[in-house]
Structure formats: C-alpha cells, structure tokens
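Straight from TrEMBL, the features:
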type	residues	note
DOMAIN	41-288	domain 'G-protein coupled receptors family 1 profile'
TRANSMEM	27-51	transmembrane segment
TRANSMEM	58-78	transmembrane segment
TRANSMEM	98-120	transmembrane segment
TRANSMEM	140-158	transmembrane segment
TRANSMEM	203-226	transmembrane segment
TRANSMEM	238-259	transmembrane segment
TRANSMEM	271-290	transmembrane segment
Amino acid sequence: MQSENQTSVSHFILVGLHHPPQLGVPLFLAFLVIYVLTVSGNGLIILTVLVDTQLHRPMYWFLCHLSFLDMTISSAIVPKMLAGLLAQSRAISFGGCAIQLFSFHFLGCTECFLYTLMAYDRFLAICKPLHYATIMTPRICNSLALGTWLGGTLHSLFQTSFIFRLPFCGPNRVDYLFCDIPAMLRLACADTTINELVIFVDIGFLALTCFVLILTSYGCIVAAILRIRSVDGRHNAFSTCAAHLTVVIVYYVPCTFIYLRPGSQETLDGVVAVFYTVITPLLNPIIYTLRNKEMKAALWRLGGCKDVQPH
C-alpha cells in the first residue's frame with residue numbers, strides 16, 4: 001500500500017501567478033510581448049556577434065552563450081506559463097515536471113558558471129593585456145565555455161535526481177510558476193529536512209564561490225583601471241565592466257532570495273520568480289547594448305550603417 005501511494009501522482013497542476021480572473025488576458029499579452037522581445041533581443045545579439053568580424057573575440061563569444069542561455073531559460077518556463085494564463089487545465093506530467101526542473105537548473109547553473117568565466121576574461125584583458133592573446137586562445141576559450149555547460153549538466157542531474165527520489169503521493173498542486181525545487185519539496189510525502197540542507201549547502205556553496213571569484217576579479221580590474229592615465233581609457237573599461245557587473249547583480253540577488261530559503265512559502269517568492277525567469281533574460285540584451293559601445297556600433301553596422309565605429 002505504501003509503494004502504491006508513493007507512485008499515485010502521475011501529474012502536477014501548476015498554480016502559476018495568483019491573480020484576479022479578469023487579469024488573465026492582460027497578463028498573457030504582457031508576458032507574451034516580453035517573451036518575444038527576449039527571444040528577438042538575445043537572438044539579435046547572437047546574430048550580430050556571428051556576422052560582425054570585429055566582435056570575434058572571447059568576450060563576445062561568451063556573450064553569445066549568455067544570450068542563448070537567456071533564450072532557452074525563458075523558453076523552458078514562459079510558454080507553459082502563458083498556456084496556464086488562458087487554459088483551464090494547467091496540468092504537467094510527472095516526467096514533464098522533472099524535465100522542466102532539470103532544464104531550468106541546468107541552464108541557470110551554466111549561466112552562473114558563465115558569469116564567472118566572463119569576469120575572468122575581463123580580468124585577463126584588463127590586468128594582463130600582454131598575455132591575453134596567448135592565454136585566451138580559441139581552443140582555451142571553447143574548452144572553458146564547454147566546461148560551463150558540463151558543470152551545469154552535472155549540477156542539475158544531482159539536484160533533479162535528489163528531488164524526484166522523494167515520494168509524491170498528493171496533493172499535486174504546485175503553488176508556483178513552474179516545477180522548481182522549493183515548490184516540489186512542499187509536495188513530498190516525506191521529511192525533506194535533509195534535502196533542504198543539501199540544497200542550501202550545494203547551491204549556497206556554488207553561488208558563493210562563483211560570486212567571490214567574480215568580486216575578486218572585479219576588485220583587481222578596478223585597481224587596474226584606476227592606474228590607467230587616459231580618461232577615455234578608464235571610461236571605456238568601466239563601461240564594459242559595468243554592463244557585466246550589472247547583469248551579475250540582477251542574476252544573483254533574486255536567486256539568493258529563493259534558493260537560500262528552500263522551505264519558504266511567502267507570496268513574494270512568486271513575484272521574485274517572475275523577475276528572474278521572465279524579466280532578467282530580457283534585461284541582459286538591453287544592458288549590454290546600452291552600456292557597450294562596440295555592440296551598439298555593430299548593431300548599427302548590421303542595420304546598414306557601414307561607417308559607424310565605436311567611440
């Protein structure tokens with residue numbers, strides 16, 4: 001009987017956003033516009049980097065990876081959320097729920113590693129410019145990028161298997177936007193204390209390590225920039241690094257709020273989830289295009305203004 005109860009849940013119901021019924025269509029249209037802008041904006045960055053030979057450098061190669069991650073993270077969550085805003089049924093199969101959780105943490109963890117790699121790339125470019133070309137060769141660049149994807153895969157496999165080894169015997173209503181770790185833990189028919197502790201240690205250690213490495217890299221970068229005599233040189237260096245540091249902060253703050261409190265059941269969690277799954281992937285291309293003069297110049301050239309050069 002116990003085994004039968006533990007396998008009784010064949011699907012879950014995604015509750016999604018708590019909102020009055022009359023707001024269903026306006027929310028659907030708003031999130032649809034944001035999703036289209038996210039995919040098109042990040043897709044435009046990838047296209048620009050691939051087409052413009054002046055951007056064929058490690059920094060922009062990593063930016064392509066970041067844009068692709070933002071597109072896929074949004075695509076893993078938003079379409080199902082849009083369907084739930086209009087459809088009466090918000091069901092997702094047990095396997096579909098596991099795939100969604102794996103995909104989100106695979107892509108999110110890869111992005112975490114990628115931010116760290118991008119900070120290291122800027123550290124080498126600004127603090128060790130004479131050795132940059134010999135260190136960050138195309139082969140090393142590709143190997144490091146591949147390592148971020150491999151690290152994200154291993155981390156997500158561990159987290160997903162650790163969650164779905166728990167018994168789920170009802171209820172099956174996921175009070176969240178998507179199948180994520182904190183929401184799934186609340187549905188488990190077993191003591192989840194160990195799971196919450198492991199999640200706190202695993203994600204906390206991973207996020208803290210990457211964040212410390214990023215801060216260390218930027219501490220060295222700031223010190224190096226302050227030694228630059230040229231005012232324009234300092235401005236250009238600060239402008240490039242400010243864009244990356246901004247998206248790092250936008251990424252880390254909401255994720256820290258959610259995953260270092262795995263047992264939380266606050267309503268605010270849903271709002272924060274909307275921010276880092278829907279809004280953040282849209283902000284990244286905006287931040288990079290507004291703060292990066294080379295990217296803005298490349299976009300103008302892609303649009304037909306051949307004589308545009310970064311200032």
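Just so it is clear, glycine is given a Cβ too, placed from its N, Cα and C backbone atoms.
Curation does not apply to TrEMBL; its annotations are automatic.
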Two-stretch contact, the transmembrane segment (140-158) and the transmembrane segment (27-51), at least three Cβ pairs under 8 Å: no
Message: Are there residues at least six beyond either end of the transmembrane segment (98-120) with Cβ under 8 Å to its Cβ atoms? List them, or say none.
response: 59, 62-63, 65-66, 69-70, 72-73, 76-77, 80, 92, 144-145, 147-149, 151-153, 155-157, 159-160, 163-164, 178-181, 184, 206-207, 210, 213-214, 217-218, 244, 247-248, 251, 255, 277
Message: If you average per-residue pLDDT over the domain 'G-protein coupled receptors family 1 profile' (41-288), what number do you get?
response: 85
